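Structure, as structure tokens:
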Amino acid sequence: WYFLLIPWYAALKISTLFFPLFYLQHQRSPQLRQWLVKRGQSTFTAEAGSSSTPAAATVPNVASNRIVGRWLLGCSGLVVGAIVLGGVTRLTESGLSMVDWHLVREMRPPQSQAEWEAEFSKYQQFPEFKIMNHDMTLPEFKFIFYMEWGHRMWGRLVGLAYILPTIYFWRKGYFTRSMKGKVLGLCGFVFFQGLLGWYMVKSGLEEKPESHDIPRVSQYRLSAHLGSALLLYCASLWTGLTLLLPAQKVAETKRLMQLRRFAKGTGGLVFLTALSGAFVAGLDAGLVYNSFPKMGDRWIPDDLLAFSPSLKNIFENPTTVQFDHRILAISSLTAITGLYLFSRRMVLPRRAKIAISLLTAMAYGQVALGISTLLLYVPTPLAATHQSGSVALLSLAIWVLAELRKMPK
């Protein structure tokens, strides 16, 4: 549950970062200015010979890069919160409780009894209520509504955490030309992520007379939604780490180049494994074979290729989706173990060794969580922890790559 605390810590860090900056701009306190300069958290400059002259535009340097790096790490923490909260919303089957989307109007939840009954009445017109929850009471509806509402409001918080500081830093001159393109891309990706979330929800609200399955969102749209969130997180974390952690001087040997390629491939495999978990969640594939290491009494189940054409099984057959997730997880564990053993025969900086060791330990812990979740029939707390573990594993893989990156020329 440590990762459930990351978003709150990130929000606290962002607030403690920006309060002194805004206070400094408006109060011009010499003591506060001196304190910030000593801590290396300010790049404010004043024109020579005039202490009362407004601060001039800054030029990006080590101190401003440190501020931007911490901001991006804070934003990545908020994205983790959105991912975890989205996973819990999915596990509690709350994602279809809000049947429309408004950027501002839905920020205020129903207040009176009449408003709640009107919202409940709208929900009753859609397939999830008609097929699954036809005996649901209003208090039960309030629970799933607040779960989805909280996820959406957290998404808006993420958007503000990216956009508002971007405007401020841009005006203060904290961004280099290349960084301007990166932060614009991140802000655009946040907007795209919100639209993709509603596009996903709409797939679960559609009437499907030809289908006898329970109402659920499209596993394709769910994986796209999670995948885009993971990409946003990875991009923010990578950019923040490269600003905060200077590249370490290591001799460019053939073995180091091999280790770097090995680490990149391993990171890609970890990302693919996390993404395959979205298909497992979208199809409830964690409930079809609750045994390990075999699936039932077989290593390869009979219904692995039950759908036609065969390619359809990879994305729509719950058995195949679970089988693929198992294979990817075991492959990731094997690759990380190989990376660890390969790195032990090399002379690496201390931080790089620590990062690889933590990645290896987390990989074994994540596999243990996954097996436990499967054997216990996917209890919500354990499943949410397993999903959080996938983000932790991905984070450590990015840290390893940041430590092994080349020195800039």
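Each Cβ is built from the backbone N, Cα and C atoms, and glycine gets one as well.
These come from TrEMBL:
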TRANSMEM  6-24  transmembrane segment
TRANSMEM  71-91  transmembrane segment
TRANSMEM  153-171  transmembrane segment
TRANSMEM  183-201  transmembrane segment
TRANSMEM  226-247  transmembrane segment
TRANSMEM  268-289  transmembrane segment
TRANSMEM  325-342  transmembrane segment
TRANSMEM  354-378  transmembrane segment
TRANSMEM  384-402  transmembrane segment
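As a quick check, the transmembrane segment (268-289) and the transmembrane segment (354-378) clear the bar of 3 or more Cβ pairs under 8 A, pairs 6 or more apart, so the two touch. The transmembrane segment (71-91) makes contact with the transmembrane segment (226-247), as judged by at least three Cβ pairs under 8 Å among residues 6 or more apart in sequence.
When Cβ-Cβ distances below 8 Å are used as the criterion, the transmembrane segment (153-171) is approached by residues 7, 11, 14, 18, 21, 67-68, 71, 74-75, 78-79, 81-82, 85, 107, 180, 183-184, 186-187, 190-191, 193-194, 197 of the same chain, each at least six residues removed from its ends. Same-chain residues lying 6 or more positions outside the transmembrane segment (354-378) and placing a CB less than 8 Å from one of its CB atoms are 91, 286-287, 289-292, 329-330, 332-333, 336-337, 339-340, 343, 348, 385-386, 389-390, 392-393, 396-397, 399-400, 403. When Cβ-Cβ distances below 8 Å are used as the criterion, the transmembrane segment (384-402) is approached by residues 1, 3-4, 80, 83-84, 87-88, 91, 230, 233-234, 237-238, 241-242, 245, 263-264, 266-267, 270-271, 273-274, 277, 332, 339, 352, 355-356, 358-359, 362-363, 365-366, 369-370, 373 of the same chain, each at least six residues removed from its ends.
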